[in-house]
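This report concerns only the one structure given below.
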């Protein structure tokens, strides 16, 4: 068994995964959404302090499995430096005290392997990764052969939902609330520009779309009636459709070059139902197999880290206590 730790942002999570069967023996996550919501986003120092409180509590529940463990795995990149450090510090201490090898896991590979929790790998596969920090198209041939073929030039899909929600005073995290508000809105009321629609390049951008939404909100706020609840519904609906349309346009261009046999969407923002529906239709049109993470595994969790760690364990991909470090960003897989 492998004990895995996730603390890259605002979720404290520990899991135990069986190596031979990929079975998830134990998994628990403590979210910090409530504590950060009053600030409209994640406060790194607060997140780190909350990890200090939560991780030991979760670990206490796992002690019965310690004699069965073969390795300790931990997310070491990418993420917030102060929160990554809490997980890595715990992992190093466990590695030393239990005399077990240490496995450093790429958080983004974790999101990809969230598709395979308690399942076998399906490779090669092309993946759309959408989260608060990333919007990427990735071609994965194996665990150690992954290539980013498209990325954002500024902001991410998930971050734009958080920003729109904040501008409308709807709270954090923005993804679920914007999705909920959009159900009551008119997608055609506000004419929002689809980013990079005239560009032949396969890349993403959300800064311009966020600015366009901001201008509509300011215009409504300065009107005699002010901004009404229905206005918020309509803005959310128009924004969500445009944000997803942008992704769909770029995916269609990508598929003109190469149609993969297997396609997947992963990351916290992949829980968006409208995005899932649009991609499902596109995959059916191109006869592609579509793979989706279970909704409970879309956001950050240690189960996906453990699933990657199983494959790294088989390859004896270990790292020493002295060598492991944290990285807030990574350029390639």
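The backbone N, Cα and C atoms fix where each Cβ goes, glycine too.
Under the heading Fe cation binding site, Swiss-Prot lists 107, 111, 300, citing sequence analysis as support. Residue density at residue 111 (Fe cation binding site): 30 other Cβ atoms are found within 10 A of its Cβ, drawing on all protein chains shown.
Shown in sequence order, 108, 111, 112, 135, 136, 137, 138, 265, 266, 267, 270 are the residues of the chain, 6+ apart in sequence, with a C-beta less than 8 angstroms from the C-beta of residue 129 (substrate binding site). Sequence annotations record features per position, and here Swiss-Prot assigns substrate binding site to 129, 130, 131, 132, 133, 162, 175, 272 based on sequence analysis.
Excluding the listed site residues 107, 111, 300, the same chain places 6, 8, 75, 108, 110, 114, 131, 267, 268, 301, 304, 305 with Cβ atoms within 8 Å of the centre of the Fe cation site Cβ atoms. Taking the Cβ of residue 272 (substrate binding site) as reference, residues of its chain lying under 8 Å away and at least six apart in sequence are, in sequence order, 130, 161, 175, 179, 240, 244. In the three-state DSSP scheme, residue 130 (substrate binding site) falls into the strand class. When the binding-site residues 132, 133 are compared by the number of other CB atoms within 10 angstroms of each CB, 133 has the fewest.
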